[in-house]
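Asks: For Lys261, Asp266, Asp284, Glu345, the entry in TrEMBL reads Mn(2+) 2 binding site. Summarising the annotation, TrEMBL assigns Mn(2+) 1 binding site to Asp266, Asp343, Glu345. The active site feature in TrEMBL is assigned to Lys273, Arg347. As annotated by TrEMBL, domain 'Cytosol aminopeptidase' applies to 341-348.
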Amino acid sequence: MKITYNNLEEKIAFEGIILPYFEDCQGNYDSLEVLNSNKLPIDYLKSKDLFSGQKNQIYHLLISNEDRALDLVLTGLGKRENLNGDILRKAVARGYKELKKRKVSSVGIYLHDVKIGLKCNYAIAKNAAEAVVMADYKFNDYKTDNKKECVEKVSILFNDINDNFKNGFNEGISLGKNNILARRLVNEPANILTPEELAKRTIELGKEKGFEVEIYDLEKIQELKMEAYLSVAMGSEKPPKFIIMRYTGDPEGETLGLVGKGLTYDSGGLSLKTTKGMVTMKGDMAGAAAVIGAMSAIAENRLKVNVTAVVAACENMISGRSYKPGDIINSMGGKTIFIGNTDAEGRLTLIDAMHYIVTYEKVDRVVDIATLTGAAIHCLGYDATVGIGNNDEFFKSMDKSFDKAGEKIWRMPIFEEYKELLKHPEADLTNTADSPGTITAGMFIGEFAREIPWIHLDIAGTSGAKKEKEYISKGATGVGVRPLYYLAKDMAKKTR
Ligand code: BES
Ligand code: ZN
Ligand code: ZN
């Protein structure tokens, strides 16, 4: 699929077109040449309560012109005064998916009338482009007959294509593509996407987008004494890879640190998961995918900020070398840990990654993002990411960043009382602290961020979708990529 923009006046033929309407069908498209003098039956649709431009509504019409058909989709934007980026994205995505289903090969999206609600050309172009790119993706790489639904070209049609519009369009494409990049990584099965393969793909991406990638192999990981990470990785035949990404956009400025959970497979280890629990565990590297996608977007858009990201990639498997329930292990930060359950492995890989990034990469603030606990699903379900953190101002910026991306986050508290739960009589810490499990798991990682502003994001619920909706496909969602990009962008503004 190729996406571009054209001036409204240009005469381009499309097989399908999308017409967005505000509530009460505000929007006038009758004079469009593509309609070939056909009048749209707006009053009829309204009188029958079939379409009135409400948010979430769409209506499909087929116009026949001699030997050709033109598929039209009317898509609702809701009330003019309530329009925001996410409503526009969803309206465009709905329209696009409807046309894709109808096998059109070219799509024109008329957006000039959207201006009466969303005044900014930048926002119109950005959100529409982002929506199309995201809505176009479906995980079918392993289907041998995957060519069925294929839109070849899409154009956004507008009457005021200025630099603002073009910048918005480019950013939208970039964010959409990098969200998909993360979804692709997460959807890859674990027999293909091993730690080594993840490292390889990150190296290639770094070359393409302009960020530095360094990989630490087993020997270097041992030399650095990342013993908690190694305890998890040891049970697998596949060697761990510690991936470091560095982007320098402002040599004098602050550095944002990102840490992504990179379990390319989580069987649970000796505390084995059930078969059902294991089937989706190729996705236990969604945190890694989010930071890789965000790095790619940050570098591609040349943000004036420094960002360093790390991923301690490995598998949690079973063998004679596996770590065991009851073990007491060490960590790079020097704290000892009692292993109550080998399925609580993510936090072990993350504390060494956190200790490393804070100590050796000298980041000024840090975010870790992880499919960490099933309990996160009990907290907020599948639609909102659980966040915790030690700094209100930093969390506000994160809240704003999620909002811009149309993703949801809710902050949980860190109460003094919970700190006791992390302690163990035989070691400094336990990896299986009591309820609230999502908060105590996050706090376990926070111990290693020490004093710097830190946020933990648990995406166990939000990293996968059971069914498709608007611009989200079934399977991986690419959660986190766009919020982390906006977070970096927010920092870039302040340091400039
Ligand atoms: N990767 C899982 C968490 C998870 C569960 C992600 C479901 C996505 C969907 C994590 O490693 C895990 O197994 N956590 C345990 C921790 C427990 C043993 C303290 C859990 O949540 O059950
Ligand atoms: Zn686990
Ligand atoms: Zn896990």
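A Cβ is built for glycine as well, from the same backbone N, Cα and C atoms used for every other residue.
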Asks: Relative to ligand 2, which of the recorded positions Lys261, Lys273, Asp284, Asp343, Glu345 have a Cβ found under 6 Å from one of its atoms?
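Replies: What lies within reach of ligand 2, judged by Cβ under 6 Å, is Asp343, Glu345.
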Asks: So which residues does the domain 'Cytosol aminopeptidase' (341-348) touch in its own chain, when a touch means Cβ under 8 Å and the partner is 6 or more beyond its ends?
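Replies: Cβ under 8 Å, 6 or more out: 228-229, 231-232, 261, 263, 266, 268-273, 284, 316, 322-325, 329, 331, 370-372, 431-432, 441, 444-445.
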Asks: Could you name the residues, excluding Lys261, Asp266, Asp284, Glu345, of the same chain that surround the Mn(2+) 2 site, i.e. Cβ within 8 Å of the Cβ centre of those residues, in sequence order?
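Replies: Result: Gly262, Leu263, Tyr265, Met281, Met285, Asn316, Gly346, Thr349, Ala370, Thr371, Leu372.
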Asks: In the predicted model, what is the mean pLDDT computed over the domain 'Cytosol aminopeptidase' (341-348)?
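Replies: Summing pLDDT over the domain 'Cytosol aminopeptidase' (341-348) and dividing by its length gives 98.
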Asks: Run through Lys273, Asp343, Arg347 for me and report the recorded positions whose CA is within 10 Å of the CA of Asp266 (Mn(2+) 2 binding site), in sequence order.
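Replies: Correct set: Lys273, Asp343.
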Asks: If I take the Cα of Lys261 (Mn(2+) 2 binding site) as reference, which of the recorded positions Lys273, Asp343, Arg347 has the closest Cα?
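Replies: Sorting the recorded positions by distance from Lys261 (Mn(2+) 2 binding site), the top entry is Arg347.
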Asks: Restricting to the chain of Asp343 (Mn(2+) 1 binding site) and a gap of 6 or more, list residues whose Cβ falls under 8 Å of its Cβ, or answer none.
Replies: Asp266, Gly268, Gly269, Ser271, Leu272, Lys273, Asn316
Asks: Around the Mn(2+) 1 site formed by Asp266, Asp343, Glu345, which additional residues qualify by having Cβ within 8 Å of the site's Cβ center?
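Replies: My list of surrounding residues reads Val232, Leu263, Ser267, Gly268, Gly269, Ser271, Lys273, Met281, Asp284, Asn316, Thr342, Ala344, Gly346.
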Asks: When DSSP states are grouped into helix, strand and coil, how many residues of the domain 'Cytosol aminopeptidase' (341-348) land in each?
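Replies: The composition, in the requested order, is 3 helix, 0 strand, 5 coil.
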Asks: Note down the number of other Cβ atoms within 10 Å of the Cβ of Glu345 (Mn(2+) 2 binding site), including every protein chain shown.
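Replies: Taking every protein chain into account, the count is 30.
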Asks: CB neighbours of Asp284 (Mn(2+) 2 binding site) within 10 A?
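Replies: Its Cβ has 26 other Cβ atoms within 10 Å.
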Asks: If you check the recorded positions Lys261, Asp266, Lys273, Asp343, Arg347 one by one, which have a CB less than 6 Å away from any atom of ligand 1?
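Replies: What lies within reach of ligand 1, judged by Cβ under 6 Å, is Asp266, Asp343.
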Asks: Of the recorded positions Lys261, Lys273, Asp343, Arg347, which ones put their CB under 6 Å from ligand 3?
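Replies: With ligand 3 as the reference and 6 Å as the Cβ limit, the list is empty: none.
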Asks: When you tally the Cβ atoms that lie within 10 Å of each candidate's Cβ, which of the recorded positions (Lys261, Lys273, Arg347) has the highest tally?
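Replies: Selected residue: Lys261.
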